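Working notes, structure below.
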Amino acid sequence: LTLPGILFPQKCERCGRAGASIPCRAAAGCSRLYHFPCAAASGCFQSMKTLRLLCPEHVAEAVDTEDARCSVCKGPGDLRDLAFCTSCGQHFHGACLDISLTPRKRSGWQCPECKVCQTCRQPGRDSAMLVCEACDKGYHPFCTEPATQGLPTGSWRCKNCWVCSDCGRHSAGLGSSCPWSPGSAVCGDCQQRRATADAPTAPEHAAQPDPPTQTSEPPVPSEPTDAPVPPPELEPVGGDEETQPLLNPKETPPDPKETPPDPNETPPDPKEAPPGHAQSPPGEL
């Protein structure tokens, strides 16, 4: 058994590794060599009938080739936009299939009629298969790991093309400790990191508010009011300070009941009856 690197020491124009065996067949001569999947990824024109390959710089020479026709529009159109089906050998414009051709999609590309599931290698229509938006490869929903229930309504990527949007790791490089769900955009580690960052953190020693101080004073209204405030009631003093006589604190105040008689006042006549009492007639007791 001969090693490919020894049998074909030439390097591939695309990947730079040894083993390239398909040369460009340009009329003016070209020294470029390719691996078969690298030729498709580079956008080379390949003819299955004539076994001729033209590199992207000489692809214009394929305009007169019999099979340089799109199977949809039946014309050569833009030869750089032709995709080569690795199963049937037909060519399709990416615009005619409404797909953007990238090197990842061109490599090992299969047309809608030849597409098979990459897991079980059984055929299936695009409408009944999961088609990766990155490589355009097909998978049966029940052949994915884990199995997918139904077809997703949005975009979907296979396990070979999935990349974590946070850390940039591929699903093939994730171990069992970092699971990945096909419906998620991030790996298990990044999901846990996001959940930890979004979780609210409670302070270790939360300061307790001081209890309100109880006072006997009425509460002060928070907002001023326009209602008039009545003046405080004053106890009667008993007279004006200017008319009140000064009293000696050592003397005992006189009793109002024992008021001494006025010497200038005439004493009442005992014969006169006090007012309000009728005098008895003489002879009556």
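For all residues, glycine too, the Cβ spot is worked out from N, Cα and C.
Feature annotations, reproduced from TrEMBL:
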COMPBIAS  218-234  compositional bias 'Pro residues'
DOMAIN    1-59  domain 'PHD-type'
DOMAIN    67-117  domain 'PHD-type'
DOMAIN    70-115  domain 'RING-type'
DOMAIN    114-164  domain 'PHD-type'
REGION    197-285  region 'Disordered'
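In terms of DSSP helix, strand and coil, the domain 'PHD-type' (114-164) has 6 helix, 8 strand, 37 coil.
For the domain 'PHD-type' (1-59), the DSSP counts in helix, strand and coil order read 15 helix, 12 strand, 32 coil.
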